[in-house]
Amino acid sequence: MANLPILQFEEKIVETVEKNSVVVIIGETGSGKSTQLSQILHRHGYTKSGVIAITQPRRVAAVSVARRVAQELDVPLGEDVGYAIRFEDRTTSKTRIKYLTDGVLLRESLSNPMLDDYSVIILDEAHERSLNTDILLGLVKRLVRIRASNFKVLITSATLDGEKVSEFFSGCPVLNVPGKLYPVEILYSKERPVSYIESSLKVAIDIHVREPEGDILIFMTGQDDIEKLVSRLEEKVRSLAEGSCMDAIIYPLHGSLPPEMQVRVFSPPPPNCRRFIVSTNIAETSLTVDGVVYVIDSGYVKQRQYNPSSGMFSLDVIQISKVQANQRAGRAGRTRPGKCYRLYPLAVYRDDFLDATIPEIQRTSLAGSVLYLKSLDLPDIDILKFDFLDAPSSESLEDALKQLYFIDAIDENGAITRIGRTMSDLPLEPSLSRTLIEANETGCLSQALTVVAMLSAETTLLPARSKPSEKKRKHDEDSNLPNGSGYGDHIQLLQIFESWDRTNYDPVWCKENGMQVRGMVFVKDVRRQLCQIMQKISKDRLEVGADGRKSSSRDDYRKLRKALCVGNANQIAERMLRHNGYRTLSFQSQLVQVHPSSVLSADNDGMMPNYVVYHELISTTRPFMRNVCAVDMAWVAPIKRKIEKLNVRKLSGGPAPSFKVPEEKTELSKNNAETPAVSENVESRIEAARERFLARKGQK
């Protein structure tokens, strides 16, 4: 700790903070800014008048850095030093240094808009430009004006454009803290490899066999790539002749790992042993692993993108930016001179890579953020004129307003509703919050809590969800898991949790059915916390258990599907008349298909349900709806009329929308463009016929 570069600047930092409300600190990776800034300010009395909050874009970083600071101060984690992430709070009234995700701090501001528990807020890793951090920048800018006498803000980053942020905060000072970096030799490949996984494997084994000691850090795009490469590395290392090279330990590192597996990478290896660390971009800046001498950079990152005109998400493997490439290379020079093997030519780096990463606010859905800003209900905050460091497009803001209008969170004039305020109390995406509120009204809250918790899981719980269709069919034949009774994936998720609940949460049941034990335990904990939140607004007394370990009935399924329809009013699709393709309703209409992993059933004629809701629209080989559930025409008709009456001009002052409908007719549109309300009795008869058919198929 004594050698960390930032400690040499302690006096200068304290002096600058004392004289200024806002300070930008640019510290190279490994300079110690994440762990030491809070301790520096603590030593100089800033915790006497409040708590020091340090935000992180990633949960993993918030937990690991808090743990490290607690160790350095020799205090129990959760007391003087603690952390808060979604669904987990390890702080007490004694906590003086608090690490938390940027999203948690935003939620705290709903109940305490002045954030007056905090004397200092440090926005760390601001260069990642997460959506929540960008909103916090605008929020703390406002607070600095109001709380200038007792409030300090530090924005810290490894690569941020300091002058741009300084200008945003009216010319605040920028301090540069150099890191302790050794020279790093950059080695480029002659061309892009056909497979960056196989190329990474070859380079890693060559280093292991030929190069002197030093750990190897390999950057992959995501968990799937990491698991494939870890498996291949283990296989290759075992095949090496005994005594031909040193021993090896191979560690994966990504956000979905349990904490006890994440912290392993910080333990030094045994003597004469090399560590292979296969990581996502979390190891670029958020976490520093000592001992790395060799870096293998695939040149790719997996990035979630959102198209506001179609409402479609895509998880794309894209090229990294120059800033990211430089950060990755720098990880090799932390302890001694190192090498970075770039699996791409110099020309690609020079000509193809963007200079910096596109901010998340310009490539994601803003519905949750707009609801948050509206729920603050502050007269000086206008969502369309909010002070962003980089403003989102007007199309993205209008899309967010439309989404919120369809689920009743705002009215036709763009004002937040009573339902919208209740939704903002829940730490969930808007569609899930709205589903819970509707379930509370229709009498299926217990079931909805289960489904929402299952959808909030950090990883894919069901192995079949990510399998190709042929493998999935084989898995389905072998599986004893419930099948959703023909209604689709949400009902299956409910049935799975209820089956596990009836075993008293036996981990053996999870393993026997191919379920992730850790993921299911997470779901149980999330459900319990959501249940506690919903107690405040529930009509009836809630029980955390799944209805006394009883299975839900078909009437429960019907109520749940209706609640899902209301909560996902902007995520409804209508089947085409002559085939099982669907078209989306609430966005610019487009043809989509049910994802092959879905358990949604066709009827006796091979036709899928007329209407479905989906949790997510993704683009892979083609547009797919994922997590799909059948809903009834009677529930869809009023939503469709609301869509057709939408006037974006009233919501935001923007241009009126236009919805393009494919020429091929759908079930609802074939008879009448202006659809009357559908009788519940008629719908019930259709439902009864469908249930008789499903019973014949043995799906009850």
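Don't overthink the numbers, they just go from 1 along the chain as shown.
Positions of Cβ are set from backbone N, Cα and C atoms, glycine also.
Copied over from Swiss-Prot:
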BINDING   GLY27, GLU28, THR29, GLY30, SER31, GLY32, LYS33, SER34  ATP binding site
DOMAIN    14-178  domain 'Helicase ATP-binding'
DOMAIN    200-377  domain 'Helicase C-terminal'
MOD_RES   ALA2  N-acetylalanine
REGION    463-486  region 'Disordered'
REGION    654-682  region 'Disordered'
MOTIF     124-127  motif 'DEAH box'
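Here the motif 'DEAH box' (124-127) returns a mean pLDDT of 88 for the predicted model. For the binding-site residues THR29, SER31, SER34, the greatest number of Cβ atoms within 10 Å around a candidate Cβ is found at SER34. In sequence order, LEU4, PRO5, ILE6, ALA158, VAL177, GLY179, THR288 are the residues of the same chain, not among GLY27, GLU28, THR29, GLY30, SER31, GLY32, LYS33, SER34, whose CB sits within 8 A of the CB centroid for the ATP site. According to DSSP, GLY27 (ATP binding site) sits within a strand segment. For the motif 'DEAH box' (124-127), the DSSP-based tally of helix, strand and coil residues reads 2 helix, 0 strand, 2 coil.
Within 10 Å of the C-beta atom of LYS33 (ATP binding site) sit 29 other C-beta atoms, taking all shown protein chains into account. DSSP assigns LYS33 (ATP binding site) to a helical segment in the three-state reduction. Sequence-distant contacts of GLY30 (ATP binding site), defined as residues of its own chain at least six apart whose C-beta falls under 8 angstroms from its C-beta, comprise PRO5, GLY179, LYS180, LEU181, THR288, GLY330, ARG334. There are 20 other Cβ atoms within 10 Å of the Cβ belonging to GLU28 (ATP binding site).
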